[in-house]
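Worksheet: the structure to be examined is printed underneath.
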Amino acid sequence: MGSLSSSISSLFLKEFFGAFFLSMRYFFRQKATINYPFEKGPVSPRFRGEHALRRYPNGEERCIACKLCEAICPAQAITIEAGPRRNDGTRRTVRYDIDMVKCIYCGFCQEACPVDAIVEGPNFEFATETREELYFDKARLLDNGDRWEREIARNIAIDSPYR
């Protein structure tokens, strides 16, 4: 009896038609894929991408050279050199470098920063041809902050109830 039912199933191509109708059901639905370089999917506000140093609205850099991000970085990818104290008693950085080859994008630097100076922005397209280009200095980080400030501020505002 088993061989008779298997013969009938194979004769009528039961599995083939089942797979065909399943394919046809999904063929006419909306596509789940996107054409990547030309279309981009949504990015979460908590996405951790390329690092950036932010500025205050008056143009002054936010980093106060407390070195908390350097101390908490598990990959030891951040190097900070603080300048002398200013007349108002605050400090600013003379050197702020991040070795993106070492960075593991954990976000601890962003969480440790008391003034939201160092953030991981929404940019994920920063591939390079050499390793040296992945060594971000202070000028590059400030440029990233200026370029992505609107998106970074929006993401921080969206995420603020959970911080």
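Every residue, even glycine, has its Cβ placed from backbone N, Cα and C.
Residues annotated as [4Fe-4S] cluster 1 binding site in Swiss-Prot: Cys63, Cys66, Cys69, Cys113. Long-range Cβ proximity for Cys113 ([4Fe-4S] cluster 1 binding site), meaning a same-chain Cβ under 8 A and a gap of 6 or more residues, is found for Leu68, Cys69, Val119. Under the DSSP three-state reduction, Cys113 ([4Fe-4S] cluster 1 binding site) is assigned to coil, being neither helix nor strand.
Taking Cβ-Cβ distances under 8 Å and a sequence gap of 6 or more within the same chain, the neighbours of Cys103 ([4Fe-4S] cluster 2 binding site) are His51, Ala75, Ala77. Marked as [4Fe-4S] cluster 2 binding site by Swiss-Prot: Cys73, Cys103, Cys106, Cys109.
Among the features that Swiss-Prot reports, domain '4Fe-4S ferredoxin-type 1' is placed at 53-83, with the record citing sequence analysis. Counting only same-chain residues 6+ beyond the ends of the domain '4Fe-4S ferredoxin-type 1' (53-83), those with a CB under 8 A from a CB of the stretch are 90-104, 106, 108-119, 138, 141-142, 144-146, 149, 152.
Summarising the annotation, Swiss-Prot assigns domain '4Fe-4S ferredoxin-type 2' to 94-123.
The residues of the domain '4Fe-4S ferredoxin-type 1' (53-83), classed with DSSP into helix (H, G, I), strand (E, B) and coil, number 5 helix, 8 strand, 18 coil. For the domain '4Fe-4S ferredoxin-type 2' (94-123), the list of distant contacts is 43, 47-54, 61-64, 66, 68-69, 71-83, 131, 134-138, 141, 144-145, 148, 151-152, 155-156: same-chain residues at least six beyond its ends, Cβ to Cβ under 8 Å. Just so you know, of the binding-site residues Cys63, Cys66, Cys106, Cys109, the Cβ with the fewest other Cβ atoms around it within 10 Å is the one at Cys106. Listed in sequence order, the residues Ile64, Ala65, Lys67, Leu68, Glu70, Ile80, Cys109, Ala112, Pro114, Val115, Ala117, Ile118 complete the 8 Å Cβ shell around the [4Fe-4S] cluster 1 site centroid, once Cys63, Cys66, Cys69, Cys113 themselves are left out. The Cβ centroid of Cys73, Cys103, Cys106, Cys109 marks the [4Fe-4S] cluster 2 site; residues of that chain outside this set whose Cβ lies within 8 Å of it are Cys69, Ile72, Pro74, Ala75, Ala77, Ile78, Ile98, Ile104, Tyr105, Gly107, Phe108, given in sequence order. Taken as a whole, the domain '4Fe-4S ferredoxin-type 1' (53-83) shows an average pLDDT of 96 in this prediction.
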